[in-house]
Amino acid sequence: MSILKRFPALCIAIGLLFSAPAMASIFSYITESTGTPANATYTYVIQRWDPEDPYTPNPCYGWSKCWITINHKHDANGSPGSAVRSIVRVEKERYLAGVRDAVMRMESFPIQGTARHVGDPLTSNQECVGLFYESKEGGWSPNGRLLPGSLCGIAPPPVGACKITEGAVNLNYGDIDEVSLENATRAQNINVTCNLAMKVLVIASGSDSGRVPLRPDNSLYADLFLDNYPGEKGTVIDVPANGTIPVEVKSVLHTNGRVAPGYFSGSGSIILTMP
């Protein structure tokens, strides 16, 4: 069977300041929030950074200093607050592919930890934790922003505005023979609820460039869809204040050569963000 897990609260990006990119490469989310919107602690996961196009420019190339930091969106304009930590300087890297290489030499993904926000509460532009580029090593850079290609999940309640009501989505294939595996489909609805009226982009992602691996030998994997849209492109929904909107989550199996008999399983993330 294939199991699609939703992490506690809003592990799924609900609301960054920036528009979600057409091709996201950096995926992060907040699994738990505690405190208040003005004094909050976030438990976060930066899940993965997929390979970059070799000629995508580094937005801080040529600065006198440019740090890549783990930070949170502190202000409504998207600038960061106090960094969880500063990873590496990258002002000499012309392209994002080089920035990624520099970060990968210093960090292993997924990256997990906690971040704090103390300051003005954000409402329509929700909090998220991700990888930022900025001129100051410790954070608080007015010119700092999330790296291009970031899909950054916002905080769930009680600090954030939206959540998925189901604890997990279990797409169970049961007993299935090898000849029936290719394009086998299972689907189930989730429900997104918000305490503010919000337009939400819902994303579904697996750990292997969006796919969900189901066997260690890569002989079987699943593609994810939301309301029949590819999972990493997602679906946009309008959620009324204190209302709920259903979204269909679908898994489609694909094979790569012969698939040995036996149990199969995998997990992905559902991410809520602002379009």
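Our numbering is plain: 1 for the first residue shown, then up by one each step along the chain.
Note: Cβ is positioned from N, Cα and C throughout, glycine not excepted.
Feature annotation from TrEMBL assigns signal peptide to 1-24. The annotation domain 'Fimbrial adhesin MrpH N-terminal' is assigned in TrEMBL to 24-160. The domain 'Fimbrial adhesin MrpH C-terminal' annotation in TrEMBL covers 162-275.
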| note | Reduced to three DSSP states, the domain 'Fimbrial adhesin MrpH C-terminal' (162-275) has 3 helix, 63 strand, 48 coil
| said: For the domain 'Fimbrial adhesin MrpH C-terminal' (162-275), what's the mean pLDDT in this predicted model? | reply: 93
| note | Summed over the domain 'Fimbrial adhesin MrpH N-terminal' (24-160), the DSSP helix, strand and coil counts are 11 helix, 60 strand, 66 coil
